[in-house]
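Pasting a structure here, questions to come.
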């Protein structure tokens, strides 16, 4: 139904406007008594064999929603009804910001892809915190970044502000230094500044745990697919040095290789089917070269259950959807979970 009727209608309109409309619509129908239960009965796969413990957290299934879809934690409860095992909110920044000028989101239908240059548009971390205070039972990741106006030399302060604010309201953290849409952000992926940033956050993590009843919160690093093998080896060293919990591989790419759509010349990060192979290569490289020293969440171009299985077999412990969710609809979540069960 989604691919035959709903998607063709939605794809007639501007993608960013459709995104906001979809949020409002799902929020509205979920308030109708019984609708959430019906959605869960259609899409949720309940089976204890899907459960897995990764970086000390028990996930009810291995399929999550990637950051960028529910930036401000407005719809995490309703989205979880579609069968996701976890929801990653953000990227959030210390102060709310508009992001880059519109138009900034483009479909590449021929390539089953999206280009975005959103630029960390969000209402600010405190706005997200207020919504997360109402959470009851949804496993949440907090993806954190820096404000556009913050120089890289001061970036650590922005990450600490977001970390402190979200600490009691998320289950794990993701440090985003790999978006191509904030000027100079990717420079923070270089070994020296990245080690310093992650070590500072990890030190803060240990400090906060001492005054909390909670365990140390897992901190993950989200990396770009455009890193060289040498840079990926640096990432492995950094994870081991700072003792963060793991890596999310990968963010969007700046590559435009093999695209057919007329929108391919738009600047921004490319996600979707063209990223499938490269993100899996990065997962396999990190897993093999590190001797599976840390967990990896695989994301990038998952448009089918087979795509997800390929990433899990390459070394990912969990997977996340974004563009595949838009192109394939919520049935993809159920298909992946059923395929995982079929592989057992």
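Each residue's number is its place along the chain shown, starting with 1.
The backbone N, Cα and C atoms fix where each Cβ goes, glycine too.
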Of the candidates 124, 301, 342, which one does Swiss-Prot list alongside 67, 68, 69, 70, 71, 91, 143, 176, 222, 250, 272, 322, 323 as binding FMN?
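According to Swiss-Prot, the candidate sharing the FMN site with 67, 68, 69, 70, 71, 91, 143, 176, 222, 250, 272, 322, 323 is 301.
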Among all protein chains shown, how many Cβ atoms are found within 10 Å of the Cβ of residue 322 (FMN binding site), not counting that one?
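Within a 10 Å radius of the Cβ of residue 322 (FMN binding site) lie 21 other Cβ atoms.
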Do me a favour and check the Cα-Cα span between residue 69 (FMN binding site) and residue 179 (active site, nucleophile); whole Å is fine.
14
Please name the residue among the binding-site residues 71, 117, 222 whose C-beta has the most neighbouring C-beta atoms within 10 angstroms.
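By the 10 Å Cβ neighbour count, 222 comes out on top.
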Which residue, of the binding-site residues 119, 272, has its CB surrounded by the fewest other CB atoms within 10 A?
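Among the binding-site residues 119, 272, the lowest count of other Cβ atoms within 10 Å belongs to 119.
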I want to check the contact list for residue 251 (substrate binding site): same chain, sequence separation of six or more, C-beta distance under 8 angstroms. What comes out?
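Residues satisfying the criterion: 176, 178, 179, 180, 222, 223, 224, 225, 269, 300.
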Where does residue 251 (substrate binding site) sit in DSSP terms: helix, strand, or coil?
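Reduced to three states, the DSSP call for residue 251 (substrate binding site) is coil.
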